[in-house]
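Let me begin by presenting the structure, written as structure tokens, before commenting on it.
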Amino acid sequence: MAPLPKYLTGDKEGIKKFIDQFDVFLFDCDGVLWSGDHLFEGTVDTLEMLRSKGKQLVFVTNNSTKSRADYKKKLDAMGIPAKVHELTSAHIPHLGGTDPTLLRAITPADHAAIAAGTALDPSVGAVLCGLDFHLNYLKLSLAYHYLRRGAVFLATNTDSSLPSAGALFPGAGAVSAPLVKMVGREPLSLGKPSQAMMDAIEGKFRFERARACMVGDRLDTDIRFGIEGGLGGTLAVLTGVSRKEEWEGEGKPVVPMAYVDKLGDLRG
Ligand SMILES: O=C(O)[C@H](O)[C@H](O)COP(=O)(O)O
Ligand SMILES: [Mg+2]
């Protein structure tokens, strides 16, 4: 049985010991640094404190509503220095997504064109489903027909919920759920906790896993991601989705190494 996590809020000595074990911190974003546009108190100072100790910080989000360039803007606006650590562009052609011509109600002409296949691009080989604040029936219909034609079903992640403005909202898993219902199979999920994501991060940053710590608000994605990735540590925060009751008690499948009430508590 995994030992209970160490509660670090208010434990100056414990916090120092914990931080000293790691060279690299992987930070989940929603529910850890911020809730939507609300930056949590202490986030900026905590990240600066870690940087001043020579720690490398990597931001690892499942949130697909922004490109890395947009995240850089968000971090800049919030006073968090960061580089756009973009993997060299994969040169994968794509359609759909934020295309404004799809932001409308489906029409009888769309039904006919989708059914006849004339609205479908024959070169599409995969449907990638992520968090989409503009999801609609037209996009779902197109995705469904591509899947029916044999496209590979992928998801950025299948998170059930998204923390924003201090509450929970439908997550990317709720976006792919109608398609799962329609095609009767689950997508291959590429975000946390998939180790494909860990391998990509490690390939880019070349860190020693034993000296890295994953900080997150979700047990089933972030903390699991760190544990299954063989990282030296995992730290849960209580400002997002998971509650401490989820790891308290016997036989809990995912238990972080330590937890704090909020990220800012790492300042000691
Ligand atoms: O539904 C989603 O896509 C996720 O809940 C959301 O984007 C999580 O982002 P993260 O906590 O990984 O920054
Ligand atoms: Mg999160």
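Note that Cβ sites are derived from N, Cα and C of the backbone, with glycine treated the same way.
Within 10 Å of the C-beta of Asp28 (active site, nucleophile) we count 26 further C-beta atoms, all protein chains included. Taken from TrEMBL, the feature active site, nucleophile covers Asp28.
The 10 Å shell around the Cβ of Asp30 (Mg(2+) binding site) contains 25 further Cβ atoms across the protein chains shown. If you look up TrEMBL, you'll see Asp28, Asp30, Asp217 marked as Mg(2+) binding site.
Annotation comment: TrEMBL describes Asp30 as active site, proton donor.
Annotation source TrEMBL lists substrate binding site at Lys192. Under the DSSP three-state reduction, Lys192 (substrate binding site) is assigned to coil, being neither helix nor strand.
Spatially, by CA atoms, the recorded positions Asp28, Asp30, Asp217 include one closest to Lys192 (substrate binding site), and that is Asp28.
In this structure the alpha carbons, written CA, of Asp28 (active site, nucleophile) and Asp217 (Mg(2+) binding site) are 7 Å apart.
For the binding-site residues given as Lys192, Asp217, the lowest number of other CB atoms within 10 Å of the residue's CB is seen at Asp217.
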